[in-house]
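Going by TrEMBL, these are the annotated features:
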| type | residues | note |
| --- | --- | --- |
| DOMAIN | 308-410 | domain 'FAD-binding FR-type' |
| TRANSMEM | 20-39 | transmembrane segment |
| TRANSMEM | 59-83 | transmembrane segment |
| TRANSMEM | 104-125 | transmembrane segment |
| TRANSMEM | 154-177 | transmembrane segment |
| TRANSMEM | 189-208 | transmembrane segment |
Amino acid sequence: MALSWRSWLANEGNKHLFLLFWLCLNAWLFWKTFLLYYQGLQYYYLHQMLGLGLCVSRASASVLNLNCCLVLLPMCRVLLAFLRGSQKVASRKTRRLLDKSKTFHVTCGVTICIFSVVHVAAHLVNALNFSENYNEEFLAINAANYRGEDPRKLLFATVPGLTGVIMVLVLFLMCTASTYAIRVSNYDIFWYTHNLFFVFYMLLMLHVSGGVLKYQTNLDEHPPGCFNPNKTLRQNMTLPKGLGEPFPGFTPEPFPEDLPVPEPFVQNNLVRICSEEPKFQSHFPETWFWISGPLCLYCVERLYRYIRSNKPVTITSVISHPSDVLEVRMMKDDFKARPGQYVILHCPRVSALESHPFTLTMCPTDTKATFGVHLKVVGDWTERFRDLLLLHSNQDTEILPIFQQRRYPK
């Protein structure tokens, strides 16, 4: 029992410890952002208008920013292969953790889907509240043009709303096409829909540039819920309807109706007096800071892989093994590899964009430059690749002879 526990801890301990750290980071980021919009004085009037929908939408957006940043890193295969083969990563546990990068990519993707549903639901509530709680006192923070405006206009007639709807559709296509049944039956659908991530990120950058949610900038001159003498006297000492509910953590005392506005009230801080009207400003988009680095890193790696793939590869032999297993032996100039590493095969005649990683089963040596892979024919890509390499793929033979050498551009 002790041996099995130690074996599990050695093999899976680091992975679960990393997932625990990732979960704690998501929970901390969600709760921190929720409290900021729930208790922050700069969001007092916006919170009065939108309620908890504001807090949930912004908290889920923070989690989405984090996972949209992390989901690209496991797909930087060249970087991960370099780190795994580098002498700086000498620990077996660390290398084993890097081998779980695909699992972490899937985990981040599922998290993005879940919190996207939460984010969309919260913004639907916000659109309804913008319409129903339209406040003529604070026109700057109203996304609606008038009270009772159709909330669908906020969803389809504004940049944040329209880009959000398109992103939901793109994410739905990516998620449904990522299921096991579709990947096995038709990998092309999975691959081409998954490459819509570039469209998703472009829309995400446009989505956060709308500036719908605003914060108050002059808290010193206009404390939230403060008393405005001139304005209150004009309104017969009645406060605006939007200020009736106290803000969490901040309870201003009402001004006595039977007294004028004397200076001692201001000095003794019994009542906070406004010196000007509130001013609001849109947030600078924070999503750029989250996704610009990983997105640029991934694009640079894709460019590097494209340039490196232009060097020709000579296929020296193709051997068919039982159970639909194909062995491909190749040669490439200045190619070095170690046992256990993988290569990414890309054949334009099979698919213009699709490529697949395969573990090397034969590595080049000082005396022999040939390297090879074994691949299982299980999908449409491998079937077309086999039919392209084997002239008589329908022959039921265990081992075929070496074929004539062919040169493929990539």
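Note: Cβ is positioned from N, Cα and C throughout, glycine not excepted.
For the domain 'FAD-binding FR-type' (308-410), residue counts in helix, strand and coil come to 12 helix, 36 strand, 55 coil, using DSSP. Outside the transmembrane segment (154-177) by six or more residues, the chain places 109, 112-113, 116, 120, 123-124, 127, 130-131, 143-144, 183, 189-190, 193-194, 196-197, 199-200, 203-204, 206-210, 212 with a CB less than 8 A from a CB of the stretch. Mean pLDDT for the domain 'FAD-binding FR-type' (308-410) in the predicted structure: 76.
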